[in-house]
């Protein structure tokens, strides 16, 4: 059996304007030519410029922030309703799952599903975790940090997702 081994250079992003993994952030929004062959467009046409809008979208829509006072996860899930999202805390991990069945959009029928898993810092107060979905589809998972690490026998528990009527007010960094 032949096994193809790729050099690590082929697995890296080609610069800050190209995402390193295509499907991490955009759940079924469609691909552009430069998403598949980013180096080809500049080779064929030296005057071709990448869309600035797409570059802005690639600049941190999904992110994890951990500072002195809180742990925060921001995730763009605009194609999912709160009923289609599940957020669980299992031991020291946050698991976010989104799934919707096949439905019609502008280009035909589409179904989407994703799983994300994040490790919680040991000093996050797991009894005060919250999760909300803004009107513009930004999921915000937040947990305050405490001074001493609390270990009260970790177990699995679900975190409800609440709907907000206003757009997300958390600026991306």
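Using the three backbone atoms N, Cα and C, a Cβ is placed for every residue, glycine included.
As the structure is a computational prediction, the values presented were derived from the model and not from experiment.
Per Swiss-Prot, the range carrying the annotation region 'Disordered' out of 118-145, 146-173 is 146-173. Of the candidate recorded positions, 100, 131, 142, 162, the one lying closest to residue 107 (Zn(2+) 2 binding site) when CA atoms are compared is 100. Taking each Cβ in turn and tallying the other Cβ atoms within 10 Å, the top scorer among the disulfide-bonded residues 131, 142 is 131. Least crowded of the binding-site residues (100, 107), judged by neighbouring Cβ atoms within 10 Å of its own Cβ: 107. Mean pLDDT for the domain 'sHSP' (52-162) in this predicted model: 84.
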